[in-house]
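To start, the structure under review is shown below, and the notes come after it.
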Amino acid sequence: LALASDPGGTLNFLAMVENLQGDSGRGYYLEMLIGTPPQALNILVDTGSSNFAVAGVPDPDVTSYFDAALSSTYRSEGIEVTVKYSQGSWTGVLGTDVITMPKGIYGSYIINIATILESENFFLPGVKWHGILGLAYDALAKPSSSVETFFDSLVRQAKIPNIFSLQMCGAGLPVSGSGTNGGSLVLGGIEPSLYTGDVWYTPIKEEWYYQVEILKLEVGGQNLQLDCREYNADKAIVDSGTTLLRLPEKVFSAVVQAIARTSLIQEFSSGFWTGSQLACWDKTERPWSLFPKLSIYLRDENSSRSFRISILPQLYIQPILGIGENLQCYRFGISSSTNALVIGATVMEGFYVIFDRAQRRVGFAVSPCAEVDGSPVSEIEGPFTTADVASNCVSSVSLHEPVLWIASYALMSLCGVILLVLIILLLIPPRCQHRYTDNDVVNDESSLVRHRWK
């Protein structure tokens with residue numbers, strides 16, 4: 001385990017143990033001090049985006065906000081930025097200021113920070129955080145990848161290793177409860193006390209989100225028998241800012257059918273699977289024994305091998321705060337997605353997850369806090385052979401339909417015509433030259449927004 005030096009001496013990972021609070025329903029957050037004099041805010045830890053942003057004006061759904069006018073070290077860049085997520089969006093202004101972390105890296109650091117001036121469905125009722133810490137790669141940073149991310153700034157200024165790790169301890173506890181479940185964000189390394197057994201690593205396929213390659217899924221030990229590219233359509237990512245395990249629609253449908261077929265419950269409301277209804281049992285009952293284990297196979301660093309991470313139903317059949325005196329209600333911690341398989345908090349609460357950016361890999365180890373009633377609710381097993389799956393399961397754009405082929409040829413022809421016109425224009429002597437003004441800016445609508453959506 002490599003340790004780095006900082007102004008306070010040897011990097012102390014134990015100081016970062018239990019520096020998070022929160023739950024899988026509303027996210028896990030870290031206390032941070034921003035500006036001079038310092039203003040204390042709770043910041044959501046999100047490995048599925050790349051901007052560091054805080055509430056910059058009062059909002060009915062946040063209890064605190066960062067008042068840039070009160071900070072003598074705040075510097076505005078005057079650049080407007082908008083970030084859209086799968087749920088919610090915000091618009092703010094980029095600037096810089098100093099931050100410190102009471103339970104993080106020793107010292108103060110100058111960080112790019114967006115102050116949120118307007119938002120829609122971003123700050124929600126009951127959340128106890130006031131901003132978001134995007135820990136993904138600069139490829140996702142807004143308005144462009146030239147905005148240095150929070151963690152890149154830490155690596156450069158504090159000279160820590162390019163690795164962080166995350167443990168979220170909410171297994172079996174009510175979602176959207178007291179918000180005091182523990183958790184740890186370890187910046188710059190790995191803390192051995194936060195995991196048991198071996199760490200299994202899977203390569204990062206592309207450095208934007210933490211994109212990984214999933215080979216197959218099993219429900220109750222039975223393979224879903226889908227083409228492995230279905231699991232990676234159009235990407236598979238590890239995202240602490242997503243509350244559920246999200247599955248591509250075809251995979252989600254197969255998982256629901258397999259769980260319904262394998263469970264000991266004969267009839268189940270379709271509303272439970274879609275998230276519109278809760279399922280309730282008497283408080284003396286534990287419904288988890290009625291449901292099967294769910295396993296996700298990931299490609300190992302040795303591409304001819306794989307390993308599987310498994311979650312017991314205690315992680316995906318999630319208790320909601322009691323309704324009535326005698327009932328305990330539960331929600332289904334899995335949902336469908338139109339554009340990704342997302343390993344969110346539903347799964348991550350079972351593991352200590354290591355984001356090893358230096359070696360371009362994500363590691364998983366069993367988390368000792370992933371226990372319910374004294375029994376582990378997560379497992380890691382391997383190695384397994386990959387002889388039964390394709391050599392590459394990551395989806396690439398393929399044109400199977402004749403209509404798409406025709407459209408692609410038409411677009412190529414159009415591009416050819418445009419290219420020819422451009423060449424002719426280049427050969428004609430210029431008569432005038434356009435002088436750019438401050439109004440000539442590239443806005444978000446002109447960028448590849450597909451890569452900006454969470």
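Start at 1 and count along the chain as shown; that gives each residue its number.
Glycine is no exception: its Cβ is also placed from the backbone N, Cα and C atoms.
TrEMBL annotations: computationally assigned, not manually curated.
TrEMBL records a disulfide bond between Cys280 and Cys329, which is the match among Cys228, Cys329.
If you go by TrEMBL, Cys169 shares a disulfide bond with Cys369, out of Cys369, Cys393.
The closest partner of Asp239 (active site) among the disulfide-bonded residues, by CA position, is Cys169; the full candidate set was Cys169, Cys329, Cys369, Cys393. When Cβ atoms from all protein chains are considered, those within 10 Å of Cys228 (disulfide bond) total 21, not counting its own. Here the C-alpha separation of Cys393 (disulfide bond) and Asp46 (active site) works out to 26 Å. Here the candidates are the recorded positions Asp46, Cys169, Cys228. The one whose C-alpha lies nearest to that of Cys329 (disulfide bond) is Cys169.
The predicted model assigns the domain 'Peptidase A1' (28-365) a mean pLDDT of 93.
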